[in-house]
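Q: Among the features that TrEMBL reports, domain 'Thiazole synthase ThiG' is placed at B:4-249. Per TrEMBL, active site, schiff-base intermediate with DXP is recorded for B:96. Per TrEMBL, the feature 1-deoxy-D-xylulose 5-phosphate binding site maps to B:157, B:184, B:185, B:206, B:207.
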């Protein structure tokens, strides 16, 4: 296997765009076809929180997610100037302190901060929290800005992106299917997992890094999304993981849970303004692990679940290696159609 | 054999399906546990319009008896509606009835529980109520038609084990023929063994397995503890004593101090 090849990519979410960017920059001839007429209207990518937190994810994900994710951060750092590499924090209310112990036990690479160290990083968490876990090499980004950046870069790299069509052109050497849940027609074990989130803004809150608040029932993720046009800071509050496959509006219950948790993190959220509430549905396989499924000239990249932004670049790098050298990652690639 | 509403089971473990890192891990844990009954929360993984189809499909593939629950319901009315949705979705009359009093302690709201149990039993459901260890509530539930009672060990997810052993023993003594299952609050297999040694009919678990470092190995550990505790109960456990009792014969020893006084 050598190339360069003519490659058609189905789907222009974060997975498809990273495939296009990586493969185009390596000299392949790329066309991306996306069913939606406007960019990102059918994708689940804009609904992401876009924490790049592979170490924290290991609390409930396999080690391979951390290994791939660490590479994912490197690839984002090399490609995207607006990535915030400020690490991430994990805190718990005093009475749920055992959750922090469990989190520490289930993950690696985090350091335990005392109140003084925590105050240096995020003074607004003091005095409600007097300890935290800090994962210094994690990062975050604003998914909407990053998606538009990626689309632009893909075009700059010489790839063609067509909206409003699901048809792949004739004559492609390879088709890379990055349609997420749209590929359920061909991947019967793929399921959707709903995630809900709220975006707020406040001029009074200045968290600089993503923060997880542990709670037995209402865990919260906060991701700073930078300033809006009024100069106020925007924050993503999310995200639930619900085993259902509809996008649809956020429920009142989820809203209460997320906002109550935010209020626990910092009562200043009481004065924050709600910009949007919404839900997306992420594609996942039964083991919640990503897969690259190869079947002669047709390649599925799917099942990125809640790790779309984290893993999309490294999935693209793996596909490129595979096309050019035939090398596969044993925990990600599946060659047999029967196993998908 | 454990018999619940006319159906017999060889396993005495009931396993919850929430909180696993993936459906695949859940499947492995269920297989390792040998549990023949799995509980499923209906509230969020919504029944409406079968939107959780992917997840339901995976639950059905487990091939276990599904016991839907009404987790998170705060009123009898809410629990009844959820139970009716569950019956439609899963095609079962079985319902694990939860009515929650307080979001912090997740303790049963026993008044609403009795009210909902009576109505659901009248409507043809087989109700397995999640209740406290209180005898008077248990009697009301039995009077309302419940043929199985599921008192808590301690608050849901707390992993504290049995908070009130005396009351649980009382309950066992008062309901010698009613299947009693301890539901909620267990953390370690030793807790489950203790339940079974007391003569309880079964144990319902979720967090202790789902959030264990290795859920599959923990499921196996609980299965053995439950079996061990049950065997001990059936065998008859020796009464504890304050003094040592030699387990080897003392024939041939001419004298020994009989009262420790001389």
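Note: Cβ is positioned from N, Cα and C throughout, glycine not excepted.
It should be emphasised that the depicted structure is a prediction, and the values quoted were computed from it without experimental measurement.
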Q: If the 1-deoxy-D-xylulose 5-phosphate binders are B:157, B:184, B:185, B:206, B:207 per the record, what's the largest distance between their Cα atoms, in Å?
A: 9
Q: So, in DSSP terms, is residue B:96 (active site, schiff-base intermediate with DXP) helix, strand, or coil?
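A: Looking at the DSSP assignment, residue B:96 (active site, schiff-base intermediate with DXP) belongs to a strand.
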Q: Given the recorded 1-deoxy-D-xylulose 5-phosphate site (B:157, B:184, B:185, B:206, B:207), which additional residues of the same chain have their Cβ within 8 Å of the Cβ centre, ordered by sequence?
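A: Leaving out the recorded residues gives B:16, B:155, B:156, B:158, B:159, B:186, B:205, B:208.
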Q: If I take every residue in the domain 'Thiazole synthase ThiG' (B:4-249) and average their pLDDT values, what number comes out?
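A: For the domain 'Thiazole synthase ThiG' (B:4-249), the model's average pLDDT rounds to 90.
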Q: Return only the integer: C-alpha distance in Å from residue B:206 (1-deoxy-D-xylulose 5-phosphate binding site) to the residue listed as 'active site, schiff-base intermediate with DXP'.
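A: With the alpha carbons as reference points, the distance is 14 Å.
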Q: Return the single residue from the binding-site residues list (B:206, B:207) that has the minimum number of other CB atoms within 10 Å.
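A: Comparing Cβ neighbours within 10 Å for the binding-site residues B:206, B:207, B:207 has the fewest.
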Q: If I take the alpha carbons of residue B:207 (1-deoxy-D-xylulose 5-phosphate binding site) and residue B:96 (active site, schiff-base intermediate with DXP), what is the distance between them in whole Å?
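A: Roughly 17 Å, rounded to the nearest whole number.
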Q: If you measure residue B:96 (active site, schiff-base intermediate with DXP) to residue B:157 (1-deoxy-D-xylulose 5-phosphate binding site) at Cα, how many Å is it?
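A: Between the alpha carbons of residue B:96 (active site, schiff-base intermediate with DXP) and residue B:157 (1-deoxy-D-xylulose 5-phosphate binding site) there are 17 Å.
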Q: Hey, of the binding-site residues listed (B:157, B:185), which one tops the CB count within 10 A?
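A: It comes out as B:185.
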Q: Given recorded positions B:96, B:185, B:206, which are under 8 Å from chain A when comparing Cβ atoms?
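A: Near chain A, no listed recorded positions qualify.
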Q: Over all shown protein chains, what is the count of other CB atoms within 10 A of the CB belonging to residue B:184 (1-deoxy-D-xylulose 5-phosphate binding site)?
A: 24
Q: If you count Cβ atoms within 10 Å of the Cβ of residue B:96 (active site, schiff-base intermediate with DXP), leaving out that atom itself, what do you get?
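A: For residue B:96 (active site, schiff-base intermediate with DXP), the count of other Cβ atoms within 10 Å is 27.
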